[in-house]
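Heads up, the thing below is written out as structure tokens.
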Amino acid sequence: MANLLRSKLSNVATSVSNKSQAKVSGMFARMGFQAATDEEAVGFAHCDDLDFEHRQGLQMDILKSEGEPCGDEGAEPPVEGDIHYQRGGGAPLPPSGSKDQALGAGGEFGGHDKPKITAWEAGWNVTNAIQGMFVLGLPYAILHGGYLGLFLIIFAAVVCCYTGKILIACLYEENEDGEVVRVRDSYVAIANACCAPRFPTLGGRVVNVAQIIELVMTCILYVVVSGNLMYNSFPGLPVSQKSWSIIATAVLLPCAFLKNLKAVSKFSLLCTLAHFVINILVIAYCLSRARDWAWEKVKFYIDVKKFPISIGIIVFSYTSQIFLPSLEGNMQQPSEFHCMMNWTHIAACVLKGLFALVAYLTWADETKEVITDNLPGSIRAVVNIFLVAKALLSYPLPFFAAVEVLEKSLFQEGSRAFFPACYGGDGRLKSWGLTLRCALVVFTLLMAIYVPHFALLMGLTGSLTGAGLCFLLPSLFHLRLLWRKLLWHQVFFDVAIFVIGGICSVSGFVHSLEGLIEAYRTNAED
């Protein structure tokens with residue numbers, strides 16, 4: 001009797017122990033640590049499969065109700081709440097309809113129906129960005145930097161090429177199968193990913209502000225250079241540089257009515273070819289005076305106050321990072337992106353270095369902010385007129401981009417918009433939206449009138465936004481997103497670029513600002 005009672009109590013205790021152990025083990029299995037028995041593991045896996053199928057069923061019902069295709073190729077990304085439940089789909093995708101997704105051109109999240117471009121076409125776009133008319137200020141940088149300025153042209157090319165590559169690397173992550181997939185589609189998406197989860201939109205706002213500043217300052221520089229070139233081309237006319245800037249702005253006022261850039265894009269190739277012809281003419285004239293080159297004027301010491309301005313000028317001439325994610329997403333073979341960046345920046349480095357050195361050797365200490373102002377009167381008028389035409393035709397591109405960023409950041413319809421939409425239900429631009437565009441054109445004019453200094457404005461912009469977008473942010477994002485996968489030399493390069501870029505940015509901004517204040521005081525006294 002005692003043995004029978006002892007046996008029953010032992011069985012009850014064993015049963016209770018097994019149930020408790022099963023519950024505890026099941027809880028840990030849910031948390032992903034381990035399962036107590038095979039039966040429990042199978043049970044929880046089955047529950048997970050049911051949960052996954054249930055969620056997939058709900059998602060399919062939503063897609064069917066909206067009339068969307070249900071196949072793998074036409075399937076939309078999951079709803080925002082189900083992002084973390086995807087299996088075999090790689091890293092999380094952004095929610096459907098997000099701003100960054102809409103901005104991506106040809107990325108992973110949209111734009112599949114758009115035609116892709118070759119590596120040569122992508123290289124042509126990069127070349128247009130880094131070989132623009134702002135190279136006309138590089139000889140002025142050699143004036144204050146000497147051989148160190150030439151070294152800086154080479155160094156900036158190497159660094160900007162490297163930061164462009166690591167910026168694109170931040171678009172990709174490894175999925176559960178170890179495959180590298182594109183999970184972001186823009187500079188803004190990278191910035192937001194770095195600030196998530198505490199501040200998921202802070203990084204994007206910082207990038208948008210920097211982008212708007214750079215685009216608006218580019219518009220101002222076009223107005224400044226137009227007024228400067230026309231004034232120096234026709235010095236005998238009773239028209240001041242400010243008056244020429246006003247005339248140029250009057251020509252640019254129709255930009256406020258732009259809805260797209262189809263009409264403007266037709267002239268882009270012609271403008272670029274004309275610019276190359278102008279560069280060749282300037283170099284040809286300089287070579288004709290090779291016997292008089294002042295090699296002794298190129299020195300190793302620098303002007304401490306003005307050389308930081310030269311740094312901003314050189315950095316600004318290489319800025320292209322802001323559109324590289326979209327460009328890479330539109331390439332037929334994204335694997336050719338690195339090769340494309342190499343040869344475009346090597347070509348830019350060689351051409352910029354030769355142009356700056358040859359022009360400075362020709363005019364030495366008389367080198368002006370815009371090098372074409374040093375040409376003889378007969379040649380200068382023809383060359384400057386072509387440059388003014390190029391500047392006026394180039395103005396709509398950064399202007400339209402700035403307007404687009406402002407509208408999507410502040411005036412886009414939705415709960416997060418700060419102001420009402422600029423467009424009505426029929427797609428027409430509202431009157432107050434047109435007024436804001438006109439105000440932006442007038443603002444660029446006022447800045448060009450009150451600060452008519454091409455080199456100083458270029459140095460200020462390069463130090464403020466150029467260094468940030470090309471040096472600081474890409475290296476910081478690379479460290480933040482890919483820290484665990486970076487080798488020691490990659491970490492060293494990123495930290496070194498961030499430190500050097502920060503020092504150059506602060507010093508260039510301070511000295512450019514001091515130069516502008518001094519120039520403003522001089523103009524006020526005159």
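The backbone N, Cα and C atoms fix where each Cβ goes, glycine too.
Under the heading domain 'Amino acid transporter transmembrane', TrEMBL lists 116-512.
What TrEMBL lists as transmembrane segment is 148-172 (among others).
Within the chain, the transmembrane segment (212-231) has long-range Cβ neighbours (under 8 A, six or more residues past its boundaries) at 133-134, 136, 239-245, 247-249, 252, 319, 322, 369-370, 372-373, 384-385, 387-388, 391-392, 394-395, 398-399, 401-402, 405-406, 440, 443-445, 447-448, 451-454, 457-458, 460-461, 464-466, 469. Annotated transmembrane segment per TrEMBL: 212-231 (among others), in sequence order.
Sequence annotations record features per position, and here TrEMBL assigns transmembrane segment to 267-287 (among others).
Residues or ranges marked as transmembrane segment in TrEMBL: 307-327 (among others). Sequence-distant contacts of the transmembrane segment (307-327) (same chain, at least 6 residues past either end, Cβ-Cβ under 8 Å): 103-107, 117, 122, 125-126, 129-130, 132, 134-135, 137-138, 140-142, 144-145, 148-149, 152-153, 156-157, 160, 163-164, 167-168, 171, 184-187, 189-190, 211, 214, 345, 348, 352, 455-456, 458-467, 469-471, 474, 504, 507-512, 515.
Per TrEMBL, the feature transmembrane segment maps to 339-361 (among others).
Feature annotation from TrEMBL assigns transmembrane segment to 381-406 (among others).
Per TrEMBL, transmembrane segment is recorded for 434-451 (among others).
Listed as Cβ neighbours of the transmembrane segment (457-479) (distance under 8 Å, sequence separation of 6 or more from its ends, same chain) are residues 134, 137, 159-160, 163-164, 166-167, 169-170, 187, 190-191, 194, 207, 210-211, 213-214, 217-218, 220-221, 224, 308-319, 321-322, 451, 486, 490-491, 493-495, 497-498, 500-502, 504-509, 511-513, 515-516. Sequence annotations record features per position, and here TrEMBL assigns transmembrane segment to 457-479 (among others).
What TrEMBL records for 491-510 (among others) is transmembrane segment.
Beyond the transmembrane segment (148-172), the same-chain residues lying 6 or more positions past its ends with a Cβ under 8 Å from any Cβ of the stretch are 107, 130, 138, 141-142, 180-185, 187, 189-190, 193, 300, 302, 307, 310-311, 314-315, 317-321, 324-325, 328-329, 337-338, 341-342, 345-346, 348-349, 352-353, 356-357, 470-471, 474-475, 477-478, 481-482, 493-494, 497, 501.
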